[in-house]
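Annotated features in Swiss-Prot:
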BINDING   Gly14, Ala15, Gly16, His17, Ala18, Gly19, Val126, Ser181, Gln370  FAD binding site
BINDING   273-287  NAD(+) binding site
Amino acid sequence: MGYEAGQYDVVVVGAGHAGVEAALASARQGAKTLVLTINLDMVAFMPCNPSVGGPAKGIVVREIDALGGEMAKNIDKTHIQMRLLNTGKGPAVRALRAQADKFQYQHEMKKTLENEPNLTMLQGMVERLLIEDGECRGVITQTGAEYRSKTVVLTTGTFLRGKIILGDLSYSSGPNNQQPSIKLSEHLEELGFDLVRFKTGTPPRVNSHSIDYSKTEIQPGDEVPRAFSYETVEYITDQLPCWLTYTSPETHEIIDNNLHRSPMYSGMIKGTGPRYCPSIEDKVVRFNDKPRHQIFLEPEGRNTQEVYVQGLSTSLPEDVQRKMLSTIPGLENVQMMRAGYAIEYDAIVPTQLWPTLETKKIPGLFTAGQINGTSGYEEAAGQGIMAGINAGRKALGKEEVILSRSDAYIGVLIDDLVTKGTNEPYRLLTSRAEYRLLLRHDNADLRLTEIGYQIGLISEERYQKFQEKKAAIEAEKKRLHSVIIKPTKENQEYIRSLGGSELKDGIRATDLMKRPEMNYETVTALAPPEQKVAGDVAEQVEIQIKYEGYIEKSLQQVEKLKKMENKKIPDRIDYDAIKGIATEARQKLKEVRPLSVAQASRISGVNPADISILLVYLEQGRIAKVAE
């Protein structure tokens, strides 16, 4: 028998990286929020790599912070090393990556949730949703407890019908031998949701004491203090190194000789794996001309000897994994503490979602994270904060928030999922963003703090500091634009010493900065400000001046996109009534139900000719009501 256990505005199911952001975003907006998780000891657990950030993903972490989320602050408090990647490249592809102390990361995040007003944490297994009048009105747990709410966010990760596969051994399990969620998956199918089967994997963990580090290359963190959060003022200085080694021809031979025992090649694994994070057996087969592959040895924390063998994800049998490890320089006598494994799980087809991450089938039900077909902690957290914002706002009777592709990588991620869907675990890449020069690591606050403030996730104090930073950037740009640097003997000598050509005449400081050999520091040596300019302000000034032409071009493209985004498609449109649209396009439009002409144009199978016909139809105002 069921019993009524509580009434909330929002219930979040799952407390992984999507769940914690969803719960915090909801609660911080003033919605009474419950987060239910199978195991309270596994809040924000990292079942795979102990790291946060990297290309595109690191920018998402900063976007989460600019909106008022927690991931950036948490990793700033708990990392063991941090590096800025792609420093030799342009600002569009730079990104932070941090190695986490995974246990401290969990502990700190759980503490944050426990101390958040409006937020209740409970351990429990959700098996069914409460559906009333076609809308989601809460959840029912394994013990019969009914938690009623106005909205529900599912962030179930890889737990839905999870199955661990290791060699010829397979069993029902969530990640890291956690209890899987079987009945909720079956219930979603009963409700009419289309599910797909995906797979991900993890490498073995080895004992640090048994590694011969003299045969590996040290990979230290940056000496310059780094942080993901715009609010971080205290930096961790005692960083731990990672280590680089490589597979050998012997490693590849062992893998080749045991492919018949690999669940990936025996047909035992049915789920589709992530393209951009292949297993070692996949790498050896697909790139058989490569004599070796990189292996990074990453400590899992400060108070453990477990080391994560990055680059060796595998589901080969345990005995093969042991042999394989012993052929890698530095790991000849290594002790394997945990074997690598693959995990299969259910995900929903994400074209069943609106851009708010609410399901089209059941109003009031939102989904975020790996349940939507993505891979990665950062992608999960980015969806989590948006699902939490929108579930909270719906519960409080407020307007939805949708980030566009030109606002944020989070906008690109969600738009790709709900518009194009995915037939493999989706990973965010810089190449997926058309406006990547606008979506930089350095300007996430300038893009999104205003939105975070408007929805109540950014404090008044932080917002004032943000406004001061914006004003300082504009003031310094204006100052440099007004300064003329004259071709004096000293100035000419200085410019020549930097490898630049002499000035023919006086030049604006802003124009001088656009020269490849010049930067903010070198230009302000010739035209110093009255007071020292903060480092983050100087960085913005330099990027905005140096890349002004490219940024301007991107902004013009965004304006064109906005015109298309503003051409809304009424929900009551009947695509069957539009003559001339191709059959495939009609089917896709009916499935995705795009909100705007711009979104319609991004659906695969919808061609420019179909968009032209749709535009004419909309402009003529011939919107037929859907047949009752």
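Cβ coordinates are placed from backbone N, Cα and C, and glycine is handled just like the others.
Known features from Swiss-Prot, placed on the structure.
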{"residue": "Gly14", "record": "FAD binding site", "contacts (Cβ under 8 Å, 6+ apart)": "Val35, Leu36, Thr37, Leu154, Thr155, Thr156, Gly157, Phe159, Gly369"}
{"residue": "Gly16", "record": "FAD binding site", "contacts (Cβ under 8 Å, 6+ apart)": "Ala44, Phe45, Thr155, Gly157, Gly369, Gln370, Tyr377, Ala380"}
{"residue": "Ala18", "record": "FAD binding site", "contacts (Cβ under 8 Å, 6+ apart)": "Thr155, Gly157, Ala368, Gly369, Gln370, Ala380, Ala381, Gln383, Gly384, Ala387"}
{"residue": "Val126", "record": "FAD binding site", "contacts (Cβ under 8 Å, 6+ apart)": "Val13, Leu36, Val139, Ile140, Thr141, Gln142, Ser181, Leu184"}
{"residue": "Gly273", "record": "NAD(+) binding site", "contacts (Cβ under 8 Å, 6+ apart)": "Phe198, Lys199, Thr200, Gly201, Met264, Ser279, Asp282, Ala342, Glu424, Pro425"}
{"residue": "Glu281", "record": "NAD(+) binding site", "contacts (Cβ under 8 Å, 6+ apart)": "Ile255, Leu259, Ser262, Met264, Tyr265, Thr314, Leu316"}
{"residue": "Lys283", "record": "NAD(+) binding site", "contacts (Cβ under 8 Å, 6+ apart)": "Lys290, His293"}
{"residue": "Phe287", "record": "NAD(+) binding site", "contacts (Cβ under 8 Å, 6+ apart)": "His293"}
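Largest Cα-to-Cα span within the FAD-binding set Gly14, Ala15, Gly16, His17, Ala18, Gly19, Val126, Ser181, Gln370: 18 Å.
Annotation note: Gln370 (FAD binding site) sits in a helical segment as assigned by DSSP.
Mapped onto three states, the DSSP output places Ser279 (NAD(+) binding site) in coil.
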